[in-house]
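Working notes for the structure below.
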Amino acid sequence: MIYIYLENGVAHVWNSEDWFELRTKHRICGSLIGAISSHPRQNDFKGLPMALMTEEAALLIEKGICELYSLPNLTQKPSETCKEAAKDLDQKLLQEQSEALRKRRIEQISQKIDIIIAGKRKKLLAKGMPDIPMDKETYLQEEISKLPPLAPAHVLVYLPTEHHMKTDEVKMTIQDLEPSISGEGAVKYAVYKDLWEQGLYITEGLKFGCDFLVYPGDPVKFHAMYMIRCVGSETVSFQPSTLVAFGRLSVAVNKIAVVATCGPQNQINYQTLQWHDSVNG
């Protein structure tokens, strides 16, 4: 079971393994909205979390693939206990890395102690001092005592991909998603579900002036073939200019314009728009 988390009415996926499973097994693309720590100061490439369309989240919940939860305490001001826990974690990381660094430096000094002693003996002889017996262990401890402590500014900082403290999860339902899939959103959800059950990939079509873009395969490998605009009823009338604009837009971006409607028996019907010249030629 995959957990998705609700924030301001939008469901998000935070775990990379869950994102991969949804993409490869369930054809859910979503929208990556997070920053990539390894590629800062750019917005061409995004990372987790992945924001889901209402239709995507509702479908996953309905099919039993995901469960929807809210984490209300994440938006609350941290308590003194949480602050102390964060400080303790920072001190623990500092202590662990200090011990690891010290152990590594001791190993390096131990390997080079003979070279260090030879260099000291050479300096003494250059000053005309007699060859004095040198205890290797004594000089080793002397070099170890010179090791400076690890400064907090030099500690490697861990960036957790999930919240590392205990959070209270509140189970949510499809009705908590925004925008809602009831009322005007019911047709969009019915169309999305119908296309998904046909084995297609569907993404949001806002950039192309439609409700959905439909792909024959993963959008990473294929261009969208169809631009879907959902209409509440087959009896809805259109202004001619609206149809012309939608058709011309589809031709400009080399896609097929499709109007999806919901029939009286709740069946989904699709009507394509094509220019007369393109039909003949």
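Here the Cβ of each residue, glycine as well, is placed from N, Cα and C on the backbone.
Keep in mind that this is a model prediction, so the values were computed, not measured.
In TrEMBL this protein carries:
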ACT_SITE  Tyr215  active site
ACT_SITE  His223  active site
ACT_SITE  Lys255  active site
DOMAIN    2-69  domain 'TSEN34 N-terminal'
DOMAIN    187-270  domain 'tRNA intron endonuclease catalytic'
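TrEMBL feature annotations superimposed on the structure.
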| residue | record | DSSP class |
| --- | --- | --- |
| Tyr215 | active site | strand |
| His223 | active site | coil |
| Lys255 | active site | coil |
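For the active-site residues His223, Lys255, the largest tally of other C-beta atoms within 10 A is found at Lys255.
There are 19 other CB atoms within 10 A of the CB of Tyr215 (active site), with all protein chains counted.
Between the CA atoms of Tyr215 (active site) and His223 (active site) there is a gap of 6 Å, rounded to the nearest whole number. A gap of 9 Å separates the Cα atoms of His223 (active site) and Lys255 (active site). On the 0 to 100 pLDDT scale, the domain 'TSEN34 N-terminal' (2-69) averages 95 in the predicted structure.
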